[in-house]
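Enquirer: Below is one structure. I have some questions about it.
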């Protein structure tokens, strides 16, 4: 397991972050590749022959090997410059092998494609690659790779001459590879940014300490009087001590000076050292500012969430105290803020909002589809309906004893409990009475949303709960787009209400069809739904009766007296409702005369005790229902006449109209089976009606 983890860790350095599981070779999906506007983004992935992609994992591995050699060079160059004379020993052989690797890299660079800074496309023409390299870093790479230590042996002076030792310091040019590596790792999402920055700052600090110590020792070593140096004043025979002891002493002086500790035991003894120490301390001023600034930025960024959280808590506490809010509301406010802070990393709503809708829909479908599918309200609906619905779902966390829904609150959302538990309470007198409980997988708030009624319960959490919220607008759009699924939802709600003892249904033959038709605001045949969405003062209910029952003005008056039976007929027709923004808000009637307004009340408590609405209708603007055509027959012993007419609003009007057509006085209406009809609601379009003559006329 440890070997596999180590292999995967080092693989991150060699493979681009977007190519880990997709392409093995010559992959171009890189964070550095960004085609310009209008350019082709599907650039061919096949380069010219003998041209290497800079994003090839094998080339990335080669670069990582060179970075390791650069780290070695960064340490050995100042160390050899100050402490070691050039000799044909093992260190001499290692240095030349390292130089050989960098010489190979110089040749290899002529065959590596580069990223054009203007088009952000790879350039694989050998001529352009060569011109670009020769005009930029070629000379510096050659100077940093030249074996000056070996060349010094060809001259009469030995390899310890200061001139060749200075030229060997050109190998520090290779450090640009380390800088490029850190710049790439800081943008790589697979590596922690904080620890990447800390590693970079620590590396820079150690390199500065190492170089300063080596340079300080070199000045003391080259001074004509060893006892008049910063190290000779303490160790007169320091040149006779081991290299390790001298190197540790130099590091000790360097770190105490860099950290401005300055114990005073090691200090400058001659003007040459004093001048170097002055410049080194000036360098320390800028370098310390760089370190402190970067570390402060990292720490502040790390603790900014906590600081913002404490500021929010303090502001909420001051607001509650200033407005003298009750203790229970204060507790809910603080609990909600604390829970939001703890679950901020789980939601990341801002990050999701920045993604394209297709990606957000895929995430929501993966997270919420199985949960919504098991809710009783959506049993039997199509997958397309659920997919459209889950795309607009929001997940929220609620602490214990927090109100999710308030009793008599305007219905705005439907909730699904994912984890935790909630209680349904009703405020009676001066105390709350628990009417029920919801467990994981239950939905609540559906009665208010689907029945256009204020919420019948207060829903309060009893423990830490995760709840999915579906807005009324999203549910409305989905049900309009899938009418059959909307009918299934209403049937599921109806069966749930019939099965609950606390929500009794007196009429078992009632159907939820009329509720569905009332809920579908602004149907497909009309554009009235847009008026409501745009803030206009009208709301239209498209209520289509499956039996096309006619309704006259007399029934509007009768509906106010006869309760549910007549109200059902009223609701099953197309009407125009003048009201405010909220469905359960009464229209104030301003601007209309008393003669224009007919007020009535939907009393559907017998079937749905929580589905009620007080709405005022502007009668003269009410849409006319579809007229029913019926055939009336004169039924007598010696005559059989028939006429096709428009069905009037009542049986009395029908008998009067038949009397005008046939010239007789009629008393009864029957159908083809000789069954007497005393209610016009049972008459359908196209029926044949038989009129009985009053024998006394």
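The backbone N, Cα and C atoms fix where each Cβ goes, and this holds for glycine too.
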Enquirer: In Swiss-Prot, which of these is labelled N-linked glycosylation site: 158, 294?
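Expert: Out of 158, 294, Swiss-Prot attaches the N-linked glycosylation site annotation to 158.
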Enquirer: What range among 21-41, 42-62, 273-293 does Swiss-Prot record as transmembrane segment?
Expert: 273-293
Enquirer: Please verify against Swiss-Prot: do residue 269 and residue 438 share a side of the membrane?
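Expert: Topology check (Swiss-Prot): residue 269 vs residue 438, domain names differ.
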Enquirer: According to Swiss-Prot, which listed range is transmembrane segment: 114-134, 135-155?
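Expert: Result: 135-155 is the stretch Swiss-Prot calls transmembrane segment.
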Enquirer: Just to be sure I understand, if DSSP states are collapsed into helix, strand and coil, how many residues of the topological domain 'Extracellular' (269-272) fall in each?
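Expert: The composition, in the requested order, is 2 helix, 0 strand, 2 coil.
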Enquirer: Looking only at the topological domain 'Cytoplasmic' (113-134), how are its residues distributed among DSSP helix, strand and coil?
Expert: 9 helix, 4 strand, 9 coil
Enquirer: Tell me if the transmembrane segment (201-221) touches the transmembrane segment (64-84). I count contact as 3 or more CB pairs below 8 A, with pairs 6 or more residues apart.
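Expert: They do touch: at least three Cβ pairs between the two stretches lie under 8 Å.
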Enquirer: Name the secondary structure element type, per DSSP in three states, that contains residue 467 (nucleoside 3',5'-cyclic phosphate binding site).
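Expert: In three-state terms, residue 467 (nucleoside 3',5'-cyclic phosphate binding site) counts as strand.
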Enquirer: Per residue, counting other C-beta atoms within 10 angstroms of the C-beta, which of the binding-site residues 377, 422, 467 reaches the highest number?
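Expert: Per the Cβ count within 10 Å, the most buried is 422.
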Enquirer: Could you break down the residues of the topological domain 'Cytoplasmic' (187-200) into DSSP helix, strand and coil, giving a count for each?
Expert: 9 helix, 0 strand, 5 coil
Enquirer: Please work out the number of neighbouring Cβ atoms within 10 Å of the Cβ of residue 452 (nucleoside 3',5'-cyclic phosphate binding site), leaving out its own Cβ.
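Expert: If we count other Cβ atoms within 10 Å of residue 452 (nucleoside 3',5'-cyclic phosphate binding site), we arrive at 21.
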